[in-house]
């Protein structure tokens, strides 16, 4: 057996390969791309926005029941990229952790603490042989009472961080470089600019002109810190504004 091959080292989640890699955890990152979707999150001056594709895999499905945006608390929302069942399980756990925090401490959990908690749980999944990492990536948005708008992302390895803008899924690399260029030029976007930057990023990297039914947009703003999902009419207004500008 050559030392470079992954033979034997990807059987167990808890064994390092001779190169110091955990193959099962790396495979979990590949699983995020299985759904074929890309999600983008952008933080503005007084808002945070998440945008993801909405693909209905089957003609007979009721499209109103297909979603990748979830409300965790009144004021924290998330977009899940990756395997749908794993995503729902992680969202359920996040809701439990948020409710638990509220019960224990008497106030809503901040976005960064929720992300840290989910990352801690994911990290344990990379240590124990009887568990497997979840094949999904969670991007959280919310308004922090002290810090203002927040975007946090947590991955199957248990790594988490706050972002000005970030992406996950199939076109993550392309989206990230697009967002880096945008953020370098300007960063204190208004609400409209933030939503439109996120939508432009997604449509540019996928080379698609979206119809309102093909994307989902979730927002939180300082004026209205409750997480809400935009209606198709609202998304259409943003798409029209973008088209007129082009």
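Each Cβ is built from the backbone N, Cα and C atoms, and glycine gets one as well.
The O-linked glycosylation site annotation in Swiss-Prot covers 5, and the record cites experimental evidence as its basis.
Counting Cβ atoms from all protein chains shown, residue 17 (phosphoserine) has 17 others lying within 10 Å of its own Cβ. The feature phosphoserine is assigned by Swiss-Prot to 17 (among others).
Residues annotated as phosphoserine in Swiss-Prot: 63 (among others). Here the Cβ of residue 63 (phosphoserine) has 12 other Cβ atoms within 10 Å, regardless of which shown protein chain they belong to.
Residues annotated as phosphoserine in Swiss-Prot: 64 (among others). DSSP assigns residue 64 (phosphoserine) to a helix.
Same-chain residues at least 6 positions away in sequence with a Cβ under 8 Å from that of residue 102 (N6-acetyllysine) are, in sequence order, 73, 108, 109. The N6-acetyllysine annotation in Swiss-Prot covers 102 (among others).
With a cut-off of 8 Å between CB atoms and residues at least 6 apart in sequence, the same chain places nothing near residue 104 (N6-acetyllysine). The N6-acetyllysine feature in Swiss-Prot is assigned to 104 (among others); the stated evidence is a large-scale study or a structure entry.
If you look up Swiss-Prot, you'll see 159 marked as phosphotyrosine, on the strength of a large-scale study or a structure entry. Applying an 8 A CB threshold to same-chain residues 6+ apart, the list for residue 159 (phosphotyrosine) reads 119.
Of all the Cβ atoms in the protein chains shown, 7 others lie within 10 Å of the Cβ of residue 64 (phosphoserine).
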